[in-house]
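Trainee: So TrEMBL has the following annotated:
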type	residues	note
DOMAIN	34-158	domain 'Response regulatory'
DOMAIN	355-482	domain 'GGDEF'
DOMAIN	491-744	domain 'EAL'
MOD_RES	89	4-aspartylphosphate
Ligand code: C2E
Ligand code: CA
Ligand code: CA
């Protein structure tokens, strides 16, 4: 083999080759452009290397491979790679040896990148035009034509083509990656990511620092009409145009895009190109490209090929983007759904937008009833028209979403997302199915500026505010406050803990004695509920009773208290305390429960306690709630033989006429009024009035919270004899009570 392969240079090539597969071929630090000279005339070899030897193209020198026959060339080509140009003699062993070699290179070896320049000694051996096209032959020159300058030009332009072809192969690999990755990309941000990827690919393809942007129609949901085109991705130079609509761009820029859209094809101009990407969905997707220099026909052809390739990927993207829409939009109203809202909300919380943003939940009052009464179809139309009105007012500036069946969410600047702006929308009736429907809404809001939770927490807290607003007044609003959140979250936690404690029998009763102050005789005790947690803390009943009431748990707990207190009373009677009265607190929720009387009966039956030693304490405020029910229930209780006292009397002041109608036995003066009885003070007159009132109504009186002798004496002077308080005893456990009673 007399071919001179510059092996030392080859080694360098391999040493410096990047190990990353992704690097584009164009940017490979290939040290030289490898040029293969195939000619049976050694003089041609030396003349060519002499002519080109010092040439540098794109800062790279040339290196040469030599073959002196077609056969030798075949051998070399089987092992050598990265050859940029083949300078090929047409006539060698045979007249058509050169053309056969071309066919071998392109077809058999499948080398499509290498550029081929045919040379011939004599004119008349020129290949057919068809062969030039079919075999992708770059140039055809007679040797006499190939002056040094012409050879320069031919080689330079062939290298440039080679470079671009390598780039497009690389970028085709990149495209495969885009297409492959598009499914995953879509899950995040759909078309935008894809568009940004396309921009990067175009730059890579041309091997230039091209600037540009991508326009696409943004049509989130099927029902919406064709939207405007928006700039959805841009390179640095055009970043300012991001999210602008086509009509907002200057005409110099937009005109070529508009033309490409109208023609539904790419438009090539001097340094500006608009690439049109066809797709099955027929959604407009155009790339504006400012290459900064005149692209030649070759570039433009490459770009067209590129468009063809991308369009395939685009179809995929459009498809996934539609799936994406189903995942992020509400099909009924076309608004974003909860997931989408959360996305925007999380983004807002991470940016400076946070400092002046607010979130609101808008709940349509009595929607469920309307839906039931007028049908679901009507309900759907109603929601649609509410969505329309919200969207007309806020759509452009805020993120609007439907987050529940009749609940909408609005996220935006806090001067827009505020109660009066939202609630006035409900002043005018809505047009639903040719009927005018007057609606009202209740809203909960949260200001995000000082909020430190994430999106889903913010949404939950707004919901807390909404619930609070609904509890207060329909058609009103409530801003979330930190205490609301703490309170509610703690309440929920406490509720779970309370349920568990009750189920595991961790609740117990204590008993606070009641005394006749005249002689110190024990008349009875009040049963009070206690909860000691596993870590030894006592949760005050003032805290957990309201939760038990709120959750309905009080019905079961109350029944347990009743039965346990009755059993204890039976026990005390068995110990000899036969004149002992047990006072038991009954909550309003328990009292108005339909099975309350039944549970009372059952407790009496099961414990066999004599009913007239049992006293039920109900609160005064409760006595005011549902007078009819109360009067009826009180009668039934009295028929059973139990007595009833009004607890905390004087705090939730009831009308006297009302009190007269109630069949109760006793008033319990609230601790607050007993507390007012201080030395040298004319206060305490309320306690005195209550005593007088009781006497007038023929009711007995008990004072609670008696802590000092002075209070006891004062009460005695008012003619109130019975008392309960720390002066005599704190609430005692069962065993302590027995011990305490034994010492009396
Ligand atoms: P209440 O029915 O007014 O009970 C009297 C409260 O005053 C008790 O608090 C008792 O420990 C406290 N007390 C008694 N003497 C004094 C005193 O001299 N000074 C002071 N500062 N306080 C005194 P407790 O046990 O914490 O109960 C608080 C409230 O929890 C009760 O108020 C009652 O409304 C409710 N509660 C307790 N047990 C039950 C129950 O079994 N069922 C229901 N529904 N509610 C209960
Ligand atoms: Ca009580
Ligand atoms: Ca009380």
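Cβ atoms are placed via backbone N, Cα and C, with glycine included.
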Trainee: What is the Cβ neighbour count of residue 89 (4-aspartylphosphate) at a 10 Å cut-off, with all protein chains included?
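Mentor: Other Cβ atoms within 10 Å of residue 89 (4-aspartylphosphate): 25.
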Trainee: Under the DSSP assignment, what numbers of helix, strand and coil residues are found in the domain 'Response regulatory' (34-158)?
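Mentor: Helix, strand and coil residues of the domain 'Response regulatory' (34-158) number 50 helix, 32 strand, 43 coil.
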Trainee: For the domain 'GGDEF' (355-482), jot down how many residues DSSP puts in helix, in strand and in coil.
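Mentor: Helix, strand and coil residues of the domain 'GGDEF' (355-482) number 56 helix, 37 strand, 35 coil.
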